[in-house]
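A.B. asks: Pulled the feature table from Swiss-Prot, pasting it below:
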type	residues	note
SIGNAL	1-19	signal peptide
TOPO_DOM	20-486	topological domain 'Extracellular'
CARBOHYD	ASN56	N-linked glycosylation site
CARBOHYD	ASN73	N-linked glycosylation site
CARBOHYD	ASN89	N-linked glycosylation site
COILED	128-156	coiled coil
CARBOHYD	ASN182	N-linked glycosylation site
CARBOHYD	ASN352	N-linked glycosylation site
CARBOHYD	ASN427	N-linked glycosylation site
CARBOHYD	ASN433	N-linked glycosylation site
COILED	452-477	coiled coil
CARBOHYD	ASN457	N-linked glycosylation site
TRANSMEM	487-507	transmembrane segment
TOPO_DOM	508-538	topological domain 'Cytoplasmic'
Amino acid sequence: MKAFPVICLGFAIFSSSICVNINILQQIGYIKQQVRQLSYYSQSSSSYVVVKLLPNIQPTDNSCEFKSVTQYNKTLSNLLLPIAENINNITSPSPGSRRHKRFAGIAIGIAALGVATAAQVTAAVSLVQAQTNARAIAAMKNSIQATNRAVFEVKEGTQQLAIAVQAIQDHINTIMNTQLNNMSCQILDNQLATSLGLYLTELTTVFQPQLINPALSPISIQALRSLLGSMTPAVVQATLSTSISAAEILSAGLMEGQIVSVLLDEMQMIVKINVPTIVTQSNALVIDFYSISSFINNQESIIQLPDRILEIGNEQWRYPAKNCKLTRHHIFCQYNEAERLSLETKLCLAGNISACVFSSIAGSYMRRFVALDGTIVANCRSLTCLCKSPSYPIYQPDHHAVTTIDLTSCQTLSLDGLDFSIVSLSNITYAENLTISLSQTINTQPIDISTELSKVNASLQNAVKYIKESNHQLQSVSVSSKIGAIIVAALVLSILSIIISLLFCFWAYIATKEIRRINFKTNHINTISSSVDDLIRY
């Protein structure tokens, strides 16, 4: 018997443990798609980012006057003015009016909120609460304004950490400042205008929701990346103690931002960022699988296994991940959603085909192929597989559930009219003849269920007929039983009567005999008495 390798995605601990057998599962249409590292997160703290939107330009020998900076400053003021006004309206009650609501001593301008949900009011409360820290950070505006560094850490008296970020300053430092003395003022002004214009266009696009109401519209991922620019990794490294890349954290939406203050004179924006606490479980892998139909026992079927499992060491669980955030390499969850698997399911995952359960398929709209690392895994018994380069039809034997097509067998593949280019070799070096019993196939599809229901209804009708017949038989048996009981009772009574009669006759016989004996004795005594009397007379 040929030995088949087993691929364990986790870490082997015991030699007898159960591992996921990727190769065997792929042969029955259960294909591994993605493996992610499991991490847990919670929103625990906040950090502040001071975004300086107007860059510093080093003075030049020819004292160039950059008109582009003046125009950029004017346009940026028009962009930030509505945001600043909205923040002031929310954080301050309307003048001359007593109609405002207080949350734990915090005054909120109700008119600025308008019709707001509970979550939006909570965001407004958070905005007002952040004003204290924002003002403390803004008090350091002179040191922030004077710096020429792209990322600058500042601390105020309470050791509140803030990070000053100048996304456009990084571009100025690396490109513009090195050329100030080597180019004419007009060329530099045009080049600076181009850079500032592009940055301004990007800000206008991503901050459009904040122009309506910054308290009710959190900063999007695009806005955060635009604000931070190329300094995103440095900011993430300064605020988070994790080895996960900044792109993964931002794409998962774990860092949420909110504008809490705008300083128009200095062109500074203070953004409150909710910083998560991230903990990675090193030996926990979440594996996504994709199921396609397979040809088993002369019919199209699909395996019944979960689409996503969690593997820790050599143990597996079902993992729905309904409340998790997924990226390409990580899955971030607030809690563990693992669900236990049955022993049969674990054995099936380990490659024991006899423990697997399949469901039959009725209908033509079904997943019958999947692309896997540059190859194609398809059910070529349920769709037309035609290789165009070289040109030949691909046949799938009866003992193969699916067919793996790689570069060695075909370069251009057509599946029911869809053309694919094969670019990789398959890493599967063996194929197993599958033997699956009929008892492993169940019906779960709607069309199959309707068919089975009709069969069940027919069986129920037959059962009702049989029940009626059995009731009739039971009724006849019941009447016969009553008659039999009466006869038995009569026989018993007759026997008892006969026994009583015999006993009475026997008693009468004994009594008569005793009476006769007594009479005999009496007569005998009388005779003796008479004889004695006669003797006395003589």
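Note: Cβ is positioned from N, Cα and C throughout, glycine not excepted.
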A.B. asks: Need one number: mean pLDDT over the coiled coil (452-477).
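C.D. replies: Summarising the coiled coil (452-477) by its mean pLDDT gives 67.
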A.B. asks: Measuring Cα to Cα, how many angstrom lie between ASN352 (N-linked glycosylation site) and ASN89 (N-linked glycosylation site)?
C.D. replies: 67
A.B. asks: Return only the integer: C-alpha distance in Å from ASN89 (N-linked glycosylation site) to ASN73 (N-linked glycosylation site).
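C.D. replies: Taking the Cα atoms only, ASN89 (N-linked glycosylation site) lies 24 Å from ASN73 (N-linked glycosylation site).
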A.B. asks: What residue among the glycosylation sites ASN73, ASN89, ASN352 has the most other CB atoms lying within 10 A of its CB?
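C.D. replies: Highest number of other Cβ atoms within 10 Å: ASN89.
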